[in-house]
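First up is the structure itself, then whatever we jot down about it.
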Amino acid sequence: MANTVFTLFSLVLICITATQGRKTLHLNHELLTSNPVFGDDVHGICKTMVETLGYTCEEHKVTTKDGYILSLQRMPTGRSGQKADKPPVLLQHGIFSDASTWLVNSPDESLGFILADNGYDVWFANVRGTKYSNGHTSLNPNDQGYWDWSWDELAGYDLPAFVQYVYNYTGQKMHYAGHSLGTLMALAAFSQGQVLNMLRSAALLCPIAHMNQITSLLTKFAADTFIANDLYWLRIHEFNPNGPMTLVTGPNCCLNSSITDVSSEPTATKNLIHLSQMIRTGKIAKYDYGDEGENMQHYGQPDPPLYDMTTIPKEFPLFLTYGGQDMLSDVKDVQHLLNDLQDHNANKLVVLFKEDYAHLDFVRAVNANQMIYDPIMSFYRVN
Ligand SMILES: *[C@@H]1O[C@H](CO)[C@@H](O)[C@H](O)[C@H]1NC(C)=O
Ligand SMILES: *[C@@H]1O[C@H](CO)[C@@H](O)[C@H](O)[C@H]1NC(C)=O
């Protein structure tokens, strides 16, 4: 009974958020038309979250091969004002968020500031569809075509654009840190042999690859009933999350309860369908068009091609950290990924398990500096 009530509640919730998604679309439209200066840096991450705390920050833009104009922020110095003496680090946020993920806590508690204060040249990525990366060479977010993507494109276009841009700009190979979907983007790209030649190492927080064991009721429910697909046919192409996120993320142990105004960013409904396909089939594959003919057109084969995690080069330095309370990056799924990586060079793979952490603790817990970020910096120093 409780389950039924919960399920109904979830359904209503998803319908409400879907409706909100529509509203956001209009809102975006108004914002875009009333404010023709694209990418309005005055209200951007640098001006609102970094410079206000006395740090230097630069706004950058890169255009992907499929035309999306994406923003990056850079912190070239720490609070001392001294120029970075360590390599660049590229930080890639997860689903429903943006670069602010790495900056919401105090400078002593947020990975972005901590890296800058420790001498790293810090770069923050914002994927397509988020409010600071909503440009395109020919489409705008009101166009259905703008939202015609899933994480295949985030891994295949956005990530390579960010990495190539930072590499071009700094002339240096970089470290990477990704959270949640930012880990899937990296793992998928790595398994295709992409971007590795420009990276020194990668830290993966709450790795998402296999998704069969997911325990998040809301997510599993949406996947099982294929709600995302319904949204798609209702022509709601942009999905805006707003709701009790702990139902999805797990019970985060250590968030600062006085910080509540963290923005949620929309994503493409197609991206959610793709994730729900992973949950239902247990496979890490490209987006399934659900029709052999259409898959043939896109991939030259009737089934979507698989991403094979066992092909990730064994000598590439990887740091994986995951939590016992995380309902999205489930312990069993992470162990499945670790099994794929069983032949990885033992001294090139660091694994850090944190029993009491859930999905958001890894980016927002008040003790993540000691628990997670110090070990990541130790890992960077030797790679
Ligand atoms: C990087 O530099 C190469 C060579 O100059 C150029 O072709 C490419 O467009 C640049 N890419 C990015 C993302 O800046
Ligand atoms: C929580 O956030 C508030 C407001 O930013 C801050 O003053 C406080 O020190 C934080 N608490 C902890 C435990 O970090």
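The backbone N, Cα and C atoms fix where each Cβ goes, glycine too.
Keep in mind that what you see is a predicted model, and the values were worked out from it rather than measured.
Pulled from TrEMBL:
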type	residues	note
ACT_SITE	Ser180	active site, nucleophile
ACT_SITE	Asp326	active site, charge relay system
ACT_SITE	His359	active site, charge relay system
DOMAIN	47-105	domain 'Partial AB-hydrolase lipase'
SIGNAL	1-21	signal peptide
Cβ neighbour count (within 10 Å, all chains shown) around the residue listed as 'active site, nucleophile': 27
Protein Cβ atoms within 10 Å of His359 (active site, charge relay system), excluding its own: 28
Alpha-carbon spacing, Ser180 (active site, nucleophile) to His359 (active site, charge relay system), which is rounded to whole Å: 8
Three-state secondary structure, Asp326 (active site, charge relay system) (per DSSP): coil
Taken over the domain 'Partial AB-hydrolase lipase' (47-105), the model's mean pLDDT: 96
Distance, His359 (active site, charge relay system) to Asp326 (active site, charge relay system) (CA atoms, angstrom): 5
Three-class DSSP secondary structure - His359 (active site, charge relay system): coil
The domain 'Partial AB-hydrolase lipase' (47-105) - residue tally per DSSP class, helix then strand then coil: 11 helix, 21 strand, 27 coil
Asp326 (active site, charge relay system) CB neighbourhood, other CB atoms within 10 A: 30
